[in-house]
Amino acid sequence: MEYKNTLLMPKTEFPMRGNLPKREPAMQEKWAEMNIYEKVQEHTKGRPLFVLHDGPPYANGDIHMGHALNKVLKDFIVRYKSMTGFCAPYVPGWDTHGLPIEQALTNKGVKRKEMTVAEFRKLCAEYAYEQVERQREQFKRLGVRADWDNPYITLEPAYEAQQIKVFGDMAKKGYIYKGQKPVYWSPTSESALAEAEIEYQDKKSASIYVAFPVKDGKNVLEGDEKYIIWTTTPWTLPANLGISVHPELEYAIVKVNDEKYIIASELFETVAKTLEWENAEVVKTVKGSELEYTVAKHPFYDRDSLVMLGDHVTTDAGTGCVHTAPGHGEDDFIVGKKYGLEVLCPVDDKGVLTEEAPGFEGLFYDKANKPITEKLEEVGALLKLTFITHSYPHDWRTKKPIIFRATAQWFASIEAFRKELLEAVAETKWVPAWGETRLHNMVRDRGDWCISRQRAWGVPIPVFYAENGDPIITDETINHVADLFREHGSNVWFEREAKDLLPEGFTHPGSPNGEFRKETDIMDVWFDSGSSHQAVLEERDDLQRPADLYLEGSDQYRGWFNSSLSTAVAVTGKAPYKGVLSHGFVLDGEGRKMSKSIGNIVVPKKIMDQLGGDILRLWVSSVDYQSDVRISDDILKQVAEVYRKIRNTFRFLLGNLDDFKPSENTVAVAELREVDRYMLVKLNDLITKVKEAYETYDFAAVYHAIHNFCTIDLSSFYLDFAKDILYIEGANHEDRRAIQTVLYDVLVALTKLVTPILPHTADEVWPYIPGVTEESVQLTDMPEAVQLDDAEALKTKWDAFMTLRDDVLKALEVARNEKVIGKSLNASITLYPTAEMKAMLESINEDLKQLFIVSEYKLGGMMEEAPADAPKYEHTAVVVAQATGETCERCWVVSETIGKDAEHETLCERCATVVKENYVK
């Protein structure tokens with residue numbers, strides 16, 4: 001007979017190769033057909049809610065690796081929560097207003113000057129919806145489970161209406177005001193910017209030291225001195241109205257040749273060196289506070305420069321005398337306001353100097369630096385000119401430098417509720433913990449929030465003006481505008497006259513003739529997304545405010561985390577979130593930022609097309625995402641190898657359970673052998689460890705625990721020795737059914753544990769598992785760890801066995817290299833262990849030659865009794881020899897019982913018995 005036909009080899013139709021790029025889209029179609037999102041929500045209905053609120057990505061272009069990292073992390077959490085006793089809805093969102101969309105249309109050749117604002121905005125909306133559709137399909141391809149048919153989109157009328165309500169609530173509480181104040185201004189975007197829209201890049205600037213002659217010394221100075229200021233923005237000098245000194249600093253009057261200069265005493269040496277002074281001597285010192293109200297002359301205009309006191313003056317750089325232009329700096333503005341200076345800002349929206357800067361009008365601010373410096377030299381006021389490279393704020397979208405410029409803007413007064421903001425930060429759980437300090441410091445130090453933008457594509461600021469110029473924001477007007485937006489969308493603001501946007505019959509004492517005009521500015525996009533707690537969490541029945549978790553990149557401390565906190569605390573007095581989790585950025589394999597110029601951009605689509613979504617997801621689980629993370633072909637190759645091991649483990653388990661019926665063949669735990677129960681202890685340890693890691697969002701710990709379990713506990717040990725029983729014994733042999741019982745528990749638990757990370761693969765495995773009834777593994781719960789009564793004793797004993805086994809494996813490896821044996825089944829081993837290990841070995845009832853995968857096993861004496869040439873290891877000496885006998889044709893064990901059964905001459909006694917009992921009729 002053909003003995004190979006009597007072996008119970010693994011049998012399964014579960015494919016060895018993942019072929020994920022083809023198989024995953026088919027799985028996603030299946031999910032769509034069965035409405036998996038709705039099914040999970042139905043299955044978890046009535047459980048406590050866990051709400052992870054999606055920070056809306058910007059709807060422009062394909063998704064990048066940062067998007068993929070973010071959405072996959074969120075998906076891990078939502079999937080895990082829905083399998084551990086929660087109802088975890090996930091509503092995706094998109095941020096759809098703002099400059100990039102306007103620019104995209106301009107780049108496509110849209111002639112916006114030839115159309116009305118309303119017409120241009122319609123094109124913006126169409127473009128935004130196209131981008132949403134494009135990104136939605138890409139996110140779905142990642143395997144992200146979400147309410148994709150009902151996302152929130154910031155341009156939708158219902159959303160905009162709620163945003164107007166948030167604005168109205170803040171205005172009613174007195175938190176919204178209009179004021180002239182220096183704001184970050186982008187000449188290239190022709191709009192104000194919020195702090196969140198700024199990034200710092202290196203820039204080369206002129207660095208100049210300028211002398212301002214004293215005009216009136218107020219009996220403190222003699223009048224022949226000169227203040228020295230230092231600046232890197234010569235173009236702001238036409239706007240200079242003063243000089244700030246620190247009240248507590250000591251200032252020196254320094255005589256250099258025939259000139260006398262005023263600088264901070266502690267900067268004397270630095271300034272003297274920079275200006276190359278020789279024989280300079282300090283002739284007098286005065287306290288900064290004494291210099292208040294002295295007057296200097298502007299270097300090239302017939303104008304005074306008032307000396308004022310300011311706490312913002314430092315001795316980190318410069319001279320301790322600070323050039324002050326209230327129209328071009330926040331500190332300058334504050335000091336100037338205190339001293340009653342006008343807010344002079346001789347620069348227009350495009351960054352061009354106006355006639356308020358005589359001699360330089362019509363010049364772009366950056367181009368004005370040179371002629372201004374030349375003018376200073378001409379009048380003898382320029383003491384030094386060099387060039388420096390320093391970190392300077394740039395527009396995050398156009399990548400061009402920005403300026404500080406005083407304009408009339410709408411602000412949200414943070415000062416009015418800063419204390420509540422700081423309390424809300426303290427009450428929130430931050431992961432990583434440094435997030436709390438970061439946001440606390442930002443909130444503590446931030447100025448009022450400039451919320452107006454001079455653009456077309458955004459939510460209008462719902463303010464009307466009376467004939468006398470008074471702004472009008474009342475409950476009545478806000479509610480009416482919100483209703484109009486809900487019905488028609490915010491475009492109605494640009495399609496109708498002010499009177500048609502006001503409630504019928506509306507009157508105001510400031511408009512005796514019934515004439516009104518409307519605000520033309522729109523809101524900062526951070527106000528859009530920052531209102532999502534109201535427009536989404538509060539408005540949708542399936543969600544709740546505060547959310548349990550906000551999870552975004554670390555750039556969102558100054559962005560969405562901040563704006564959401566500001567609007568939520570302003571409106572509700574509380575944070576919109578209970579917890580905040582942040583992740584780092586995705587870098588290339590060498591730790592460099594991805595950029596087109598380097599050509600190192602890794603695109604999610606390419607990874608999914610070549611390797612599959614589950615490989616990308618497994619990579620996300622493998623990295624320490626709280627810091628910046630790296631990705632490259634080599635890194636992905638390693639991850640794909642780990643995936644292959646996990647997949648092969650599933651295939652092996654399924655293959656060996658082909659004839660296992662859980663309802664009929666399961667062996668009771670009490671009847672399992674010790675080694676099988678030990679495997680269950682290891683499985684329960686895995687379940688506990690993995691669930692704890694999911695709970696603390698430590699996905700790398702999940703990844704490593706599952707990988708180690710598959711390779712070390714299963715492949716290298718349990719599955720390795722189990723083959724001799726699974727393949728060789730008869731189908732119903734008690735040891736075989738015992739091992740299958742363990743394998744079945746392992747398979748079901750492992751499939752569930754990997755589901756949040758590898759949903760495609762888990763749902764591919766699921767229907768192959770004998771006896772499962774659920775349509776998808778996503779409709780099940782995480783496995784529960786079952787504590788065996790003798791778990792600790794089993795662990796102590798069998799962990800010791802595993803360390804001893806390592807010694808045996810080393811000895812077998814040496815014997816193989818020395819050609820004593822071929823494979824381990826050729827071996828006969830004799831062990832000479834330590835006393836402790838000897839006792840342990842004697843207490844094992846299992847067949848030790850099976851556990852060591854050798855043909856013969858003997859226990860010799862103690863370690864010290866071992867032959868002198870026997871290699872000694874930590875726990876035992878091992879003598880390895882060639883086993884005596886012949887090799888069994890069926891089980892490959894070397895045995896002296898071969899041919900004892902005349903009917904089966906090439907089989908060992910054990911195999912002959914198995915064949916007779918199971919295969920001979």
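Each Cβ is built from the backbone N, Cα and C atoms, and glycine gets one as well.
For Glu552, the entry in Swiss-Prot reads L-isoleucyl-5'-AMP binding site. Secondary structure at Glu552 (L-isoleucyl-5'-AMP binding site), taken from DSSP and collapsed to helix, strand or coil, is strand.
Summarising the annotation, Swiss-Prot assigns ATP binding site to Lys596 and lists sequence analysis as the type of evidence. Taken residue by residue with DSSP, Lys596 (ATP binding site) is part of neither helix nor strand, so it is coil.
Swiss-Prot lists Cys888, Cys891, Cys908, Cys911 with the feature Zn(2+) binding site, giving sequence analysis as the kind of evidence. In the three-state DSSP classification, Cys911 (Zn(2+) binding site) falls within a helix.
Feature annotation from Swiss-Prot assigns motif ''HIGH' region' to 57-67. Over the motif ''HIGH' region' (57-67), the average per-residue pLDDT in this prediction is 91.
Residues or ranges marked as motif ''KMSKS' region' by Swiss-Prot: 593-597.
Excluding Cys888, Cys891, Cys908, Cys911 themselves, the residues of that chain whose CB lies within 8 A of the CB mean position for the Zn(2+) site are, in sequence, Ile728, Glu889, Arg890, Trp892, Val893, Ser895, Ile898, Leu907, Glu909, Arg910, Ala912. Here the motif ''HIGH' region' (57-67) has Cβ contacts under 8 Å with residues 94-96, 98, 100-101, 104, 128, 131-132, 134-135, 138-139, 153, 553, 585-586, 594, 601-605, 631 of the same chain, all six or more residues outside its ends.
Rounded to a whole value, the Cα-Cα separation of Cys888 (Zn(2+) binding site) and Lys596 (ATP binding site) is 63 Å. Counting other Cβ atoms within 10 Å of each Cβ, the lowest count among the binding-site residues Cys888, Cys891, Cys908 belongs to Cys891. Non-local contacts of Cys911 (Zn(2+) binding site) by the CB criterion (under 8 A, 6+ apart in sequence, same chain) comprise Tyr3, Ile728, Cys888, Arg890, Cys891, His904. Look at the motif ''HIGH' region' (57-67): DSSP puts its residues at 3 helix, 1 strand, 7 coil. In this view, the densest Cβ surroundings among the binding-site residues Glu552, Lys596 belong to Glu552, judged by other Cβ atoms lying within 10 Å. A gap of 67 Å separates the Cα atoms of Lys596 (ATP binding site) and Cys908 (Zn(2+) binding site). Look at Cys891 (Zn(2+) binding site): DSSP puts it in coil.
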